[in-house]
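Structure first, then comments.
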Amino acid sequence: MIFYTLEHILTHISFSLVSIGITIFLITLSVDEIIGLYDSSEKGVIGTFLCITGLLVTRWAYSGHFPLSNLYESLLFLSWSFAIIHMFPYFKKQNSYVRTITSSSTIFTQGLVTSGLLSEMQQSEILVPALQSQWLMMHVSMMVLGYAALLCGSLLSVALLVITFRKALRIFSKKKAFLKDSFSFVEIQYRNEPSNVLLSTSFISSKNYYRAQLIQQLDRWSSRIISLGFIFLTIGILSGAVWANEAWGSYWNWDPKETWAFITWTMFAIYLHTRTNPNFQSVNSAIVAFLGFIIIWICYFGVNLLGIGLHSYGSFNLH
């Protein structure tokens, strides 16, 4: 009873922090100058992390097993994983764009957990026989950590694509405007003002330099985080295969969850392969990561909607 009450309190605190965090996050998206608000949002993520840690420990204590037996608990662990990834750049006081991705991921995932959509799964139950194994912690935790890292890395790649294509569209529109107005009186007058041209060129060059630096940093950090996630995912799949052989007598059964996990692994293996070729780095590899981002959500969330296969104990119904 004490553990249940504590979990209830931590859930409400977490929900309050998430609500405040989402509000602050949306405000900082429109008003970049309010630095104090952004810092408050980041501290809110740390508070949410502590609450999630307390939730997981409390749930583990009164259920008697590691809390990764259904979608609700795995989403809790996913939020916790996002927060862990968030801690590294936060305490080093660098890479604010990485922290923006991880903090927003933590806030919105935890918001989904506390939204009430998964209320039927919040009550801890006795594990089904297939899950009563020491492999539960190893397999599921590695898979969820892998998903968290891959999602964060993929979102950095998405940010890279947005910046790159916005730049391409801007250049294209400027070329059209130049062709349209190249013989106008305003253009001729502008050409007669060399000082303005020099100032404008200097500003554009500086802006392009910082944009190029940002794209390069996004590309580098995306590659690092995805590489880490790929390692976690590989360990998770291998440990799951060993567990499946013990539980069902076969290392691989090609049920929907296993199939999409393999597709996810293959997609990010392709991503890492493209990184070995300098001609396919940056934008091309980011496109692969974006496709991987979609596939992860199909594997992690979409397959659970089917409620079929050997992993059907993690399914849920929206009603």
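Positions of Cβ are set from backbone N, Cα and C atoms, glycine also.
Bear in mind that the values here come from a model prediction, so they are computed numbers and not experimental data.
Positions annotated as transmembrane segment by Swiss-Prot, on the basis of sequence analysis: 9-29, 44-64, 71-91, 143-163, 225-245, 259-273, 286-306.
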- prompt: Under a Cβ pair cut-off of under 8 Å, which of the recorded stretches 44-64, 71-91, 143-163, 225-245 contacts the transmembrane segment (286-306) most often?
  reply: 143-163
Statement: Here the stretch out of 71-91, 143-163, 225-245, 259-273 with the most C-beta pairs under 8 Å to the transmembrane segment (44-64) is 71-91
Message: Counting only residues 6 or more past its boundaries, what in the same chain has a CB within less than 8 Å of a CB in the transmembrane segment (143-163)?
response: 68, 74, 77-78, 81-82, 84-85, 97-98, 101-102, 105, 211, 214-215, 218-219, 221-226, 228-237, 240, 261, 264, 268, 282-283, 285-287, 289-290, 292-293, 296, 300
